[in-house]
C-alpha cells in the first residue's frame, strides 16, 4: 500500500483505551493499485502492550476530533483506495529486479503498517519500546556490496533496550569481509560469482567483429578491455542500423522492382503499327519475314508490304484458326457443307480465312479468293512455321476500350472477345449453338465480364470456345506482385500520412484547447495571451535582457484569488465584512486540489495566528526571540498543529538554544493554507540548480530569474549543487566560490562549514565522496541587474562536492557528474519520506533546509530542475506548479526553451526552428497522451510525491525507491548503460519515470518559458548533438519495451516510440533517399508523384503549424534556414553520433581550465571503502547532536521522529547497495 501520512491529533483517554487496532474501510487491506504492494499476512511485529501510545484515528474516521479547513466537501470514500474491477492481477506478476515496483515493495514491506484481516484501515504500529536507542556495535548486518533479494516480509527481531545514558557508538558501513556471511548470503554470493554465459548480443557483436582480434585493436589505441568491448558493441549497433537502412531502402526503391518485374512489350489496341500483325490477341513482328511461294504470293515476299493487300497492323487470327479444341461438339458441320473433315469429325476451319482491321471496322466477307480454304494454313508445315514465331507482345484493352459502344466486346477469364466476329460464321458451312447468337445480340453483356456469368459446365465450354475463336486481345491487368507493391506503397502512404496528420492536428489541438488547462488563472504578467507572447519573444532576444514589468494591474497577484465571478452570482451577495479574504470558494462542485499544506490546514501559525502580529516583527518580517524559541522547542515546521505540536514530546527535554533547534531570523513566514493568489493551493517547491563549470554571469542570470519569479518565496527554496571544485575555462574563480559569493545571511559561517561523507554515484574509490552544505539566503549583489524594489528574500542552500582528502591534489576533486548531483537530492528526499538511515551529508541538508525555510523537507512536493545557464520567465514557475497541483496524475513536465543568441552565428541560426518544432510539434503531440519522452534537464519539474486516495495518503514519485535505485546505478559496464547514464541522464530520468509509472503523465506546459544560450560553434554543436542523439537512441530502446503506455497496438505511445526510434536510426539514409528521389524526378520519367507529395506534406506541415501557433512571422524565415540545413541535421550529425557510439565524454560542451577531453567510464578508480561513511536515522543523529550540545547525559526517550510527521520505517537498519 502507498505510504500512509497520518497526523496524531489529540484523543481522549477513553478513546485511547478502546480504540480498535483496525480501521473502518474494508478495502484498505487490498494492495495499492499503483504499486501492487501486498502487506505481509503475518505481522512481523509483537503486539502492542496496554498503556503504550494509542493508535491515531483515521483521517477520515468519524471519531477524529478535527476537520481540515480545506477538506473536500464531497470526500473520497475510503473504498476508492481499493483496487477497482480489472482484468489485471498484480499478484500474478513476477516480482524481480526488472519489475517497476521491485524496490518500492521491498521498502514498503518494512513500513510500520500492520496488515488488516478484517478489511479495516491499516494500523500504524509504534514500536517505541522495542527500538534500540543506542548500540554498542559498529558493524551492521549487511555489506555495501551485498545483493539483497531475500523475503521482504521477513520479520525483524526488536533490539534490546540499552542502559540509560550509555554512549552510542556511530553506525558505519563496513566491508563484506568484516563480518560472517549467513548461509543464504553465501548462496547468493556464490551465484553472483558464477561465470555467466555470454549473451546473444555479445555473441552477435563478436561475430560481426571477428575480423578485428583484440591484438589488432590494441595496436589501434584500445588497450583497455572495456574500450574494446565498447568498440565491438558500437560496430554491432552500426551493423543493425545499416540493416534497417538497407531494409527501408529496399522497401522504397527495390521492392517494386523485385515483386513487379518490368512486363514484356504490351501494345494497346488501335496502336499496333504496320510492323506487326495480330494473331489471337498477340502481336507478332513480321517486319523481316519472308513468305514461301504460294498462289498469289511471290517467293520470299513480305506479307506486310509486298502484297497488293497490306496486312500490316491487321488481325490475321482467321488465317490460323484454333479449331476442334474447346469448340468441338459446339460448332459442327452444316448440311451440305464444303468444309473438309476427317474420320474423327474434325473441321478444317470455322470462318473465312481472311484478315480484318484491329479496330473491328471490317465488314463481313464470306467469299474466298482462288479456292475454298485459301489462306487457312491447314497443313502441318504451315502450322509449325506459325507456332515457331515469337510473339512480340500482348495486345491489351482498357475497360474504356471494352465499354466502347462502337464495338461488341466482352471479357472472359481475362481475354477480350469480339462477339461481332460471330457474324463471320457461314451458315452454309458450319452450325453453331443458339447461345452464341444470344450473347451477341444481348446488349446487357456488351462491355461486361462474362467470367462469373458462364459458370455451368456447358457455359464454361462456351466461354473457352469463344476465347479460342474470337479473342482479339487481353484486358489490361497487373501481376500479383505489382498489385502487392502498389498495396504496400499506398498502405505506407496512408500510414505515414496518418501519423504526420495525427501528430500535426493533435499538437494543434493541444496548443489551442488542452494547454490552457495547465496555466494559472492569474500571474504577475499580462493576462493578454498575444501581448504576453510578444513580451516573451522580445525577452528572448538577449540572455541578459530583464523580464517585462507588470503592465496589467488586473492580473497582479495582490488580493486576487484567481477566480472570476459569474453574472448570476451578483444578484445576491456572496461575502460579508466577516468573510476571510483567504476563504476558499466552496461553491465549486470539484474538490479542491490536495497539497501538503492543504492537508495541514488545521494547523495554525505561530502564537497569534497572524504572520504579522505577535510572533513576527511587522516591519522586518523576522521572528522575535519568543517565537524563535518556540520554534526551536518544537523542531517542527512553521505550520504547527492547532491542538499540539506534532512531535513536541520528543523535544520536551531538549534545550531550545541547541544548535539544531535554531531557525534563521530572516526565515520567510508561511501564509495561511487558504491563501491562493493564483487560483490554486500553493505547494512547496525546491528549485534545483546543478552547476559544473559555468561562469559568474551564467549562474547569476539563472539565480536572479529563479529568485524573482512571482511564486511566493515562502513556498520555494533554491538548492545549488556544485559538481566538484571546478574552475571554468577563462574564469578567475572556481564555480563553488562564485556560487557562495551569491549568498548571504549564512546559518553557519562558510569558513566553519565542515565536509561530510556520502555515497556517490561512481565506481571504485570514488563512491566515497564528501560535500559541504551552506545554508542562507540569496544575495543579489551590489551591481545587480535586478531593480532593488524587486529583490526578494529567498532561502538558498548550496551543496559543494569537495571530494575526499585523497583527491584534493587531483584534477576536478569531488566531481561525480550531474546525475550524482541529482541523486544527492533524490536520495535525500527518499530517506526523508521513508525515514530511512541517512548519511551525515543528508542530515546536514535536512537541518540546513529547515533552518532557512522553517519547513520540514517532507513538505516539499515538487522539484524544479534548472541548468546554471538558463533564465526563467517570471511566471513560469507559477504555471508549472499550477499544472502539478491541478492534475495529481502529472509526475513530470517541462516548459519551452527558447534561444537567446539566435544571431550569434550560422550555427545558432539553424537551431531556432529545431527548438521550436521539437516543443510545439513533438512535445505537444506527446502531451495529448501524457507521455512526453524527454523532459529537458535544463528546464523541467518532477513531482516528489503525489496524493493518493483518501486524506493524508501519498505515493512517492521522484522519491520512489525504484527511481532512486535505478537512476543511481553505478555498475555501468555496457555500451547501452554508458549512453544512458553517462551522456543522457536527463532523458533517462524521464524514461525511468515512464517505465515505473506508465499510467501517470509527463506533459509539456507551453506557458512556462525559459531562455538559454546554444552552441554557436559547429564543433560544440557536433559534440552536444552526439550526446543527445546517442542518448535518444538508447532511451527509445528502453522505452519501446514498456508495454503499459497509453493506447494499444498501432494506436499507442509504444508504437509512436517505435516509429521515432526507427526514424532516428534511418535519418542519414532517409535524407539520402530524399535527394535521390528529387534528382530522379528531374532527370527521369514518369515522375514519382506520390513520394513527392508525401515529402511536400512532411516538410510543409510545420510551416502551417508556424502560421497557426507562432507569434512572429520571422519563424517562417527560421524554417527556411532549417530546411537548408537539413543535410546537417539529418546526415552529418546522426552519422557522426553513430560512429561515436563508444565515446562517452562530454567533448567540447563543458570545458574546464586545463581539461583534456578523454573517454569517460573506462578508468579504474580503485576500491570503495564503505567504513568511512556513517549512516543513521534522523532521530539518532538528532539525539546525538543535542546530547553533545547540551553536554549532559541523554535520558532515553521514545524514538525520535523527523519533523515530517511520518513514523519511522522500522527495518532499514543496514544500508543496501543494490
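The backbone N, Cα and C atoms fix where each Cβ goes, glycine too.
What Swiss-Prot lists as compositional bias 'Basic and acidic residues' is 14-34, 175-190. Residues or ranges marked as compositional bias 'Polar residues' in Swiss-Prot: 71-80, 133-142, 553-562, 1189-1198. Residues or ranges marked as N-linked glycosylation site by Swiss-Prot on the basis of sequence analysis: 50, 180, 365, 404, 426, 617, 903, 1030, 1190. Residues annotated as region 'Disordered' in Swiss-Prot: 1-93, 132-190, 548-570, 582-606, 1188-1218. Marked as transmembrane segment by Swiss-Prot: 200-220, 235-255, 487-507, 1062-1082, 1087-1107, 1115-1135.
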Distal contacts, the transmembrane segment (1115-1135) - CB-CB under 8 A, six or more residues away: 909-910, 912-914, 916-917, 1021-1022, 1025-1026, 1029, 1064, 1067-1068, 1070-1072, 1099, 1102-1103, 1106-1107
From glycosylation sites 365, 426, 903, 1030, the one whose Cα lies nearest residue 1190 (N-linked glycosylation site): 1030
Among 404, 426, 903, which are recorded as glycosylation sites, the nearest neighbour of residue 365 (N-linked glycosylation site) by Cα: 426
Around the Cβ of residue 365 (N-linked glycosylation site), the count of other Cβ atoms that are within 10 Å: 11
Inter-residue Cα distance where the pair is residue 903 (N-linked glycosylation site) and residue 1030 (N-linked glycosylation site), in Å: 28
Chain-internal residues near residue 404 (N-linked glycosylation site), provided their CB is under 8 angstroms and they sit 6+ positions away: 447
Residues that sit under 8 angstroms from residue 426 (N-linked glycosylation site) by C-beta distance, when 6+ apart in the chain: 351, 352, 366
Tertiary neighbours of residue 903 (N-linked glycosylation site) (same chain, Cβ under 8 Å, six or more apart): 909
Chain residues in Cβ proximity to the transmembrane segment (487-507) (below 8 Å; excluding those fewer than six residues from its ends, i.e. six or more beyond): 251, 255-256, 920-922, 924-925, 928, 1056, 1059, 1090, 1094, 1097-1098, 1101, 1104-1105
Residue with minimal Cβ packing [other Cβ atoms within 10 Å] among the glycosylation sites 1030, 1190: 1190
DSSP-derived class (H/G/I helix, E/B strand, else coil) of residue 903 (N-linked glycosylation site): coil
Structural state of residue 1030 (N-linked glycosylation site), classified by DSSP into three states: helix
